[in-house]
Number of protein chains: 2
Amino acid sequence: MPLTPSWVESANDADCPFPLNNLPYGVFTTNSLEPRCGVAIGDRILDLQAAEEAGVIAIAEDPVFDVPYWNDVMDLGPEAWGALRARLQELLAEGSAEQATVAPMLILMAEARMELPIVVTEFTDFYAGKHHAMNVGSMFRDPENALPPNWLHIPIGYNGRASTVVVSGTDIHRPNGQTKAPDADAPGFGPCKRLDFELEMGAIVGGTSEMGQPITVQQADDMIFGYVLLNDWSARDIQAWEYQPLGPFQAKAFATSISPWIVTKAALEPFRTSTPERERDLLPYLQEPGPMLYDIALSVTLAPEGRDPTTIAETNYDQMYYSAAQQLAHHASSGCAMNSGDLIGSGTVSGPQKTERGSLLELSWGGKDPITLSTGEVRSFLEDGDTLTLSGHCQGDGFTIGFGSCTGTVLPAKTFP
Amino acid sequence: MPLTPSWVESANDADCPFPLNNLPYGVFTTNSLEPRCGVAIGDRILDLQAAEEAGVIAIAEDPVFDVPYWNDVMDLGPEAWGALRARLQELLAEGSAEQATVAPMLILMAEARMELPIVVTEFTDFYAGKHHAMNVGSMFRDPENALPPNWLHIPIGYNGRASTVVVSGTDIHRPNGQTKAPDADAPGFGPCKRLDFELEMGAIVGGTSEMGQPITVQQADDMIFGYVLLNDWSARDIQAWEYQPLGPFQAKAFATSISPWIVTKAALEPFRTSTPERERDLLPYLQEPGPMLYDIALSVTLAPEGRDPTTIAETNYDQMYYSAAQQLAHHASSGCAMNSGDLIGSGTVSGPQKTERGSLLELSWGGKDPITLSTGEVRSFLEDGDTLTLSGHCQGDGFTIGFGSCTGTVLPAKTFP
């Protein structure tokens, strides 16, 4: 599939993350506009509230863009999603008869501030990157037996915290928590000393599954509205002390950042790729009817306060062992009801090479092998003032499907009131 | 504190769970009324939407009872909660000047159906019963070393699933899931074979804590709106295979039942009791400024389909090692934002005696020692058609603060579409 040209000229550059082929969905505000839904095209955002009010877009009987979140659209399901995308392509395509009507509804992206695109109903995080699980297992379990016994059979996940999912650009306070050094007699409480990021993709669920009712992998894939970049900020020292036997809790509860633009499944369609060969056959309820991963190039930069960023990792979402559709099918398998606005973290994306590791835990091998930044500074974990940025894109033939970035700066821990 | 008499005569019986001293909050519907907030008094429910519309109750500038959930009231904070309770006591007290106005707003409880009293924003479950943790640890860890190393220091918790929190009376489909027998080569998928209940209390959070900002135990206690009975349905065979290393997931995700009436902290005030002596000093951020547990007698019955119920456990909430206030303070300690509608499960309440165990896992000692019901039937875990009911009350001097009951019937597992 080649670039589809738009009358918004900036959208036609081969490097532009937001060509007509992409059309990602977000929520934005400006100095004069209240928060509202928009779609990115080139260096502009089409104001969908204005477009709906003007009657240029009508995908449901009642308005869906009178609220500053995408959940209402997500509730409408795949047919409406397809109709919206088709209409947007029509409006924004080169030669559109409606250019004069639509042009005044475009906002300069540089003048907009992005907000969370959805009301996050619940957040679930998985552990589906095999290289990541092997690396972590080698550090904390046994290099000869790094994967947990269930890992090749279950997309292992845990429920995270929705209340602290924030949009890219939100500063992150270093968490406080209980930690205990291996040789200490008792734990202490204070700011985390091993603050980390995790490079993930987030899948956004549209539609509902009924309580008690399992769904197939195909149904699960049909229920995915789109994808974002996701940083699962992690406090490794808090995690080490708390996670047995009930899993990560406060170590992950303080913040999760997502990129502001939801890249739809339709935009990603040309980049579908298969999960890898299975070492053990999956149970039938987890078998995919077709490719459900995506070829998405991912990178991570770290910039100390006031310094230039260094690229510290580059990898690809195609490294995952389980797709989001498999994860969602597993999530619903017990009869767990899924809803529009549920956010599914992929788990840390790491590739086989050292430079492809999606966390500082792996990059610095638990702090034993600190990384050196281009500025000369050294990092095992994140320092206050550090800015961590995830980026991602799919490379088409003459065009790019960009996710934009997911960034956050670490602030010092807060104290008790 | 003695019974406070009401002009609603049924509220004055010493055995009535809902005297004027209680005034628990729920959401109800009838054949002629849409779902709405109500307060229980004797065998009646006061229709708060009607009371607010009539101007009999006004606790905020805008209406708060125009919606069928308590979250808006919970958002108002303790001062408004106190004002509402005082006004309800005034309206319903013996000798009230407003009896004639209020009487027509009373609905017979027998004609009402109860719904979830709140929009559950997020659900967190703890593991704070020491006898429970000792029992489980003895079965699955080591009887000599039953408690995890962090247990005496941290109220261990994990994030659960809010989408499947249901009100008492909702049938529960047996979950499907992956399980693996210890000697099996690979896991299988199908209906859970070791379905269990967990007897818990649920604390309901009112108000918000800011992301990044820890709160004190006193602030946490101030943020608790009230308590309900909670059954954390559990699939032990699914749990055993999935829970390492990230904790319980699908084993707990399929259903959590709560009782319909929120018993407020104010009603429980006379029954405050202290957490037990500490074997290890708690870190300062977890130390309680006063008693924050409650003396609540709890019982569990099990009724096979079409048979009479048998009481299978009796215990007391005062057995917990950590209070809900401590759990909430720990929950927010990392900077995890807490919101009105968050539901905090206490963890299984078990006492020291065999008859005080709050789960079948403990009562049947992992299935090795099945229990015999009064009907002669034997149970290690729950069978399809079984009805499980939790009950709870505080015993005052001549009055009772009742929680009502939390019940659910097990239906067969559903199959894939």
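Cβ coordinates come from backbone N, Cα and C, glycine included.
Predicted, not measured: the structure shown is a model, and the values here were computed from it.
Quick look at what TrEMBL annotates:
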type	residues	note
DOMAIN	B:21-117	domain 'Fumarylacetoacetase N-terminal'
DOMAIN	B:123-410	domain 'Fumarylacetoacetase-like C-terminal'
BINDING	B:ASP125, B:GLU198, B:GLU200, B:ASP232	Ca(2+) binding site
BINDING	B:TYR127, B:ARG141, B:GLN239, B:TYR243, B:THR348	substrate binding site
ACT_SITE	B:HIS132	active site, proton acceptor
BINDING	B:ASP232, B:LYS252, B:THR256	Mg(2+) binding site
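For the recorded positions shown (B:HIS132, B:ARG141, B:LYS252), fewest C-beta neighbours within 10 angstroms: B:ARG141. Among the binding-site residues B:GLU200, B:ASP232, B:GLN239, B:THR348, none has a Cβ sitting under 8 Å from a Cβ of chain A. Taking the C-alpha positions, the distance from B:TYR243 (substrate binding site) to B:ASP232 (Ca(2+) binding site) comes to 16 Å. Sorted by the number of other CB atoms within 10 A, the binding-site residues B:GLN239, B:THR256, B:THR348 start with B:GLN239, the lowest. Excluding the listed site residues B:ASP125, B:GLU198, B:GLU200, B:ASP232, the same chain places B:LEU199, B:LEU230, B:ASN231, B:SER234, B:LYS252, B:THR256, B:GLY345, B:SER346, B:GLY347, B:THR348 with Cβ atoms within 8 Å of the centre of the Ca(2+) site Cβ atoms. The sparsest Cβ neighbourhood within 10 Å, among the listed binding-site residues (B:GLU200, B:ASP232), is found at B:ASP232.
For B:HIS132 (active site, proton acceptor), the binding-site residues whose C-alpha atoms fall inside a 10 Å radius of its own C-alpha are B:THR348, out of B:ARG141, B:GLU200, B:THR348. In space, B:GLU198 is the closest of the binding-site residues B:GLU198, B:ASP232, B:THR256 to B:THR348 (substrate binding site), judged by Cα positions.
Just so you know, of the binding-site residues B:ASP125, B:GLU198, the Cβ with the fewest other Cβ atoms around it within 10 Å is the one at B:GLU198. When secondary structure is read from DSSP and collapsed to three states, B:THR256 (Mg(2+) binding site) falls in the strand class. Summary for the binding-site residues B:TYR127, B:TYR243: the Cβ-based neighbour count within 10 Å is maximal at B:TYR127. What surrounds the Mg(2+) site, by Cβ distance within 8 Å of the Cβ centroid and not counting B:ASP232, B:LYS252, B:THR256, is the set B:PHE123, B:ASP125, B:GLY160, B:ARG161, B:GLU198, B:LEU230, B:ASN231, B:TRP233, B:SER234, B:ALA253, B:ALA255, B:GLY345 from the same chain. Distance noted between the C-alpha atoms of B:GLU200 (Ca(2+) binding site) and B:TYR127 (substrate binding site) is 10 Å. Here the domain 'Fumarylacetoacetase N-terminal' (B:21-117) returns a mean pLDDT of 98 for the predicted model.
Taking Cα separation as the measure, B:GLN239 (substrate binding site) is nearest to B:LYS252 of the binding-site residues B:ASP125, B:GLU198, B:ASP232, B:LYS252, B:THR256. Secondary structure from DSSP puts B:HIS132 (active site, proton acceptor) in a helix. Note: the Cα of B:GLU198 (Ca(2+) binding site) and the Cα of B:THR256 (Mg(2+) binding site) are spaced 9 Å from each other. Of the recorded residues, B:TYR127 (substrate binding site) and B:LYS252 (Mg(2+) binding site) place their C-alpha atoms 13 Å from one another.
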